[in-house]
Structures are given as structure tokens and as C-alpha cells.
């Protein structure tokens with residue numbers, strides 16, 4: 001298992017997915033909270 005060239009790509013891809021997923025979940029959560037507070 002000496003895949004040194006695939007490992008950094010997987011790491012960058014993992015960081016990119018989480019870097020986009022975390023703000024998206026937080027953004028959707030804040031929108032749902034605003035909708036709930038307004039009503």
C-alpha cells in the first residue's frame with residue numbers, strides 16, 4: 001500500500017468535501033432557524 005501519489009489527492013479531496021459540507025450544513029441550519037424564529 002505505497003500509494004504516495006494517490007494519498008495527497010484523497011486528502012485534498014476530503015478537505016474540499018468537508019470544507020464545503022460544513023458551511024453548507026451551518027448555512028441550512030441558520031436558515032431553518034431564521035424561518036422558525038420568524039414564525
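Including glycine, each Cβ sits where the backbone N, Cα and C put it.
Pulled from Swiss-Prot:
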- 18: heme binding site (BINDING)
- 14-30: transmembrane segment (TRANSMEM)
May I ask for the residues of the chain that lie six or more residues beyond the transmembrane segment (14-30) and have a Cβ under 8 Å from a Cβ within it?
none
When you measure from the Cβ of the residue listed as 'heme binding site', which residues in the chain that are at least 6 apart have a Cβ under 8 Å away?
none
